[in-house]
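So that you can see what the record holds, here are the features copied from TrEMBL:
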| type | residues | note |
| --- | --- | --- |
| REGION | 1-20 | region 'Disordered' |
| COMPBIAS | 7-20 | compositional bias 'Basic residues' |
| TRANSMEM | 21-45 | transmembrane segment |
| TRANSMEM | 57-78 | transmembrane segment |
| TRANSMEM | 90-112 | transmembrane segment |
| DOMAIN | 98-178 | domain 'Potassium channel' |
| TRANSMEM | 150-173 | transmembrane segment |
Amino acid sequence: MKDRRTAHPRPRPRTPPRRRTGWDAVGPWVVRAGIAAAVVVAYFLLPLDHLGPQRPVLSWVLFALLLTVVAVLLLRQIRHVLLDRPDSRPGVVISLLIVLSVHVFSAAYYALAKSPGEFNGLHTRIDALYFTVVTLATVGYGDITPRGQAARVVTVLQITYSFVFLTAAATALTTRMRDRVVRGPQRGRSR
């Protein structure tokens with residue numbers, strides 16, 4: 001027969017969370033900003049000129065694949081938030097996935113703009129990024145407009161994608177942050 005004292009060890013007293021200083025406090029933010037900057041730099045350096053009407057099958061497959069990967073990763077992060085996994089970092093991952101999704105749509109718009117009649121006013125990568133952000137924010141100034149059927153389909157897809165995935169991810173992230181403020185820092189970290 002087992003000794004009860006060894007079967008159920010005493011719980012250790014909870015140690016208070018350590019206050020981060022110096023690089024511990026700033027380092028994660030530097031890494032996050034660096035990754036976001038790398039996504040932006042990649043958008044401007046990737047050979048997007050090889051996509052579009054010259055290679056339509058590759059363009060559409062790559063677009064669908066990237067959006068699917070981002071959606072799956074967003075759903076995974078949302079699941080981590082809902083399960084309250086203390087080892088997850090939804091603040092980092094969700095933010096970066098939102099930045100990545102914006103750039104995937106921007107690249108698609110830039111590639112589509114090479115087809116005559118698809119867009120009015122979209123000529124550069126900055127135009128494509130601008131149109132993506134304006135569409136995401138549902139502002140719609142009207143200076144760049146989708147004219148062709150493919151451009152309109154991708155624009156509707158972006159609106160739907162943003163409404164479903166990005167809104168769900170942002171909601172999960174704010175819920176996690178609110179719960180952390182209410183509970184205090186003792187459970188989980190939402191970086």
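Quick reminder: no glycine exception, Cβ is built from N, Cα and C everywhere.
With a threshold of 8 Å between CB atoms, the same-chain residues lying at least 6 positions outside the transmembrane segment (21-45) that come near it are 92, 95-96, 99-100, 103, 106-107, 125, 129, 191. Panel annotation: around the transmembrane segment (57-78), residues 51, 88, 90, 93-94, 97, 100-101, 104, 107-108, 111, 154, 157, 161, 165-166, 168-169, 172 of the same chain, lying at least six beyond its termini, place a Cβ under 8 Å from a Cβ of the stretch.
For the transmembrane segment (150-173), the residues of the chain that approach it from at least six positions outside its boundaries are 63, 67, 70-71, 74-75, 77-78, 81-82, 90-91, 94-95, 97-98, 101, 105, 108-109, 112-113, 115, 118-119, 132, 135-136, 138, 190, judged by C-beta separation under 8 angstroms. Secondary structure of the domain 'Potassium channel' (98-178) per DSSP, as helix, strand and coil residue counts: 57 helix, 4 strand, 20 coil. The average pLDDT computed over the domain 'Potassium channel' (98-178) stands at 91.
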